[in-house]
Structures are given as C-alpha cells and as structure tokens.
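In TrEMBL this protein carries:
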DOMAIN    66-158  domain 'GHMP kinase N-terminal'
BINDING   Pro99, Ile100, Gly101, Ser102, Gly103, Leu104, Gly105, Ser106, Ser107, Ala108, Ser109  ATP binding site
DOMAIN    219-295  domain 'GHMP kinase C-terminal'
Amino acid sequence: MGLNVYAPASIGNLSVGFDILGAALSPIDGSLLGDSVSIESSTTGDFSLQCVGRFVDKLPADPKQNIIYDCYLAFRKAMADMGRTDEVAVSMVLEKHLPIGSGLGSSASSIVAAFYALNEHYGKPFSEAQLLAMMGELEGQISGSIHYDNVAPCYLGGIQLMLERDGRISESLPVIEDWYFVSAYPGISISTAEARSILPNHYSRADIIDHGRYLGTFIHALYRGDGQLAAESIRDVVAEPYRKQLIPGFDAMREQMMADGALAVGISGSGPSVFVITDSKEKAEQMHRWMQANFIQNDRGFSHVCQIDTLGTRVLEETA
Ligand SMILES: Nc1ncnc2c1ncn2[C@@H]1O[C@H](COP(=O)(O)OP(=O)(O)O)[C@@H](O)[C@H]1O
Ligand SMILES: N[C@@H](CCOP(=O)(O)O)C(=O)O
C-alpha cells in the first residue's frame, strides 16, 4: 500500500515572533502550495528517493544529500532504539513545489511530509510531540540552529506559538477568520543560514521592550478576536531592519501595500518572500496583481492569495 502526504507552506516569525511564531498557508483558489511525499515499501530492499516537480532543479543531485534521506535515517534510528530493527526499506518520491531559500518553509515542508509519511507507513510508532521534536532537529541541521516556527505550523496547521517545553513544543493560537494573506515570492533565493548569520547577537533595551510589547499585544489581540489590533502589532524589530536590504524593492513594496490598505506587511521567514495581510478578498486580489506586475523578478517567482491553512499536513491519497 502507498501513501501521498502533503505539507503546506509556512510563514516563519510572522514578523512579530522571531523563531517563536509561524503560520501555515493555503491558496484560496484550492491549489496546493507545499511539497508532497509519496511512500511505499521498497521492492528491491534498498531505500530509494526520486525527486520531481517545478523546483526540483535546485535540489542536490545526489538523493542521499537530500534532507528526506536524513529524515529516513533519523526515523529508522528512532525505530531501532525502540527495538524495531527488521523493517523493510521504503521507496519515496518528493514532489518539490516550494522553491529552496524562498522564505516559505521549503525545507520544513519536505521534512514534515517525509516524517509524517514514514510514521503513517510504519504504523504510527511515534506521537505528535516525538515527531515534532525529530522534525525540529532536522530543520536545525539545515539552518544551523533548531527553530520550530516552520515545522510546527506546517505539521499542525494554523498559527503556532512555540513553547518549547517538554512534550509541549508548540500550541495553536486563535485565527482571525477574515484575514487574507498575499504571499509573494520574487524568484531569487536567500539561504536561511546566511540570513540568520547577518542578524545582531545583541539588541538594545528599547528593541527588547518593543519586541515584548508587540508580541504580547499580538497574542492578546488574537484571543480577543481583534484583527485590527493584532495586525497593528505585526512589527519586526529583530530581523526586518537587517534583512530587508536582501530583498529588491522591499521598501517600495511595503509603501505601496500600506497605501492600498494593507493591515500588515512583513518578510516571510528569512525572505525573500513577503506577506501582506488584509481583511478584504478584493484588496488581496488587487495586491496580488500588483505583486505579479511589480515585485516578482523572474519566471521562477509567484504570488498567491491565501488564508491560514488550519489542516496542516495530511494524506492526500492512499493507493492499493
Ligand atoms: N528536500 C529539500 N528541500 C529543501 N532544501 C533541501 C532539501 N534537501 C536538501 N536541501 C538543502 O537544504 C538547504 C535549504 O536551504 P534553506 O535556505 O534553509 O531553505 P528554506 O529556507 O527554503 O527552507 C539547501 O542547501 C538545499 O540544497
Ligand atoms: N525563524 C526563521 C524562519 C526561517 O524560515 P525560512 O522559510 O526562510 O526557512 C528565521 O527567520 O531565520
């Protein structure tokens, strides 16, 4: 029996919660914005990985350099640690729909889809919390330090707040139902590890106070269902001031979106994708068209009107 698992794109940080907030996204036109992984028992007895899809060309040529292979090794080791050593290997197919270094949680999407598929395939040996811990570790292997703000929303859906306590890595926050997100990827690549390395090691007291106030207000406003206050609190004093120069036209884009009635604008993850929040579908569609005409740099770029994906990672198809 085979399975096809889909893991949605995500916005790390949501501007106001560096490494501690993240949201999963679904395009409102029903298209899938995320990687998917198919899995079945290997007929040769060896592990195999085939990669297909629009953004496959920037993946490492050797399947054993793909993060999916590391997920497989980590999963097998964890099963061996629980005494399951005689399991049959698997054949996997990765459909790479998220560009690498896009700020849309591309590596997280592959990692989450792979672990979810492996767990389903081998009869769910691990709990949600155990899987999430493994996903975070693999994400940390890529970006240089463990951060759950992509893997958690990608896996669990919604807006996730990282608690990082034993057994409670992340918890869902309330979602503002009428928020539309325009998610625009300009078509160039930024390495997460490099975008982390340019950030300061220390911040001023004023920045720390602002950061605490904005994040606290954001979470308070979500629980009150006050979308206006929540959006006004989406301000980034930690990363955007340092990362925005890596994104061509960022300031002009922000100015235009605010003039067009955006509730909030920010960098998606470590960029170069950006997100815009509005409470009107019509405005979101107008902003999406502006992004297509003005922000996207080349034919690899794209823009989508999205809402929060509350489902998270799921099985799309089971085959006999
Ligand atoms: N399945 C995969 N998906 C994404 N990146 C992968 C995958 N396998 C290996 N990689 C490597 O991991 C790194 C991901 O870079 P990163 O900037 O963290 O991307 P993103 O921010 O999009 O997750 C790249 O060097 C890429 O070659
Ligand atoms: N919190 C991380 C998020 C990185 O997201 P990605 O989609 O760019 O991998 C960071 O800002 O470094």
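In case you wondered, yes, glycine gets a Cβ from its N, Cα and C as well.
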What is the number of other Cβ atoms found within 10 Å of the Cβ of Gly103 (ATP binding site)?
31
Determine the most Cβ-crowded residue among the binding-site residues Ser107, Ser109, using a 10 Å radius around each Cβ and all protein chains in the structure.
Ser109
Determine, for the ATP site, the additional residues of the same chain whose CB lies within 8 Å of the mean position of the CB atoms of Pro99, Ile100, Gly101, Ser102, Gly103, Leu104, Gly105, Ser106, Ser107, Ala108, Ser109; present them in sequence order.
Ala9, Leu98, Asn150, Gly269
Average model confidence [pLDDT] within the domain 'GHMP kinase C-terminal' (219-295):
98
Please identify which of Pro99, Gly101, Gly105 has the densest Cβ environment, defined as other Cβ atoms within 10 Å, among these binding-site residues.
Gly105
Can you go through the binding-site residues Pro99, Gly101, Ser107, Ser109 and pick out those with a C-beta less than 6 angstroms from ligand 1?
Gly101, Ser107
Relative to ligand 2, which of the binding-site residues Pro99, Gly101, Gly103, Gly105, Ser109 have a Cβ found under 6 Å from one of its atoms?
Gly103, Gly105
Going by DSSP, is Ser109 (ATP binding site) sitting in a helix, a strand, or coil?
helix
Helix, strand and coil counts within the domain 'GHMP kinase C-terminal' (219-295) (DSSP):
44 helix, 9 strand, 24 coil
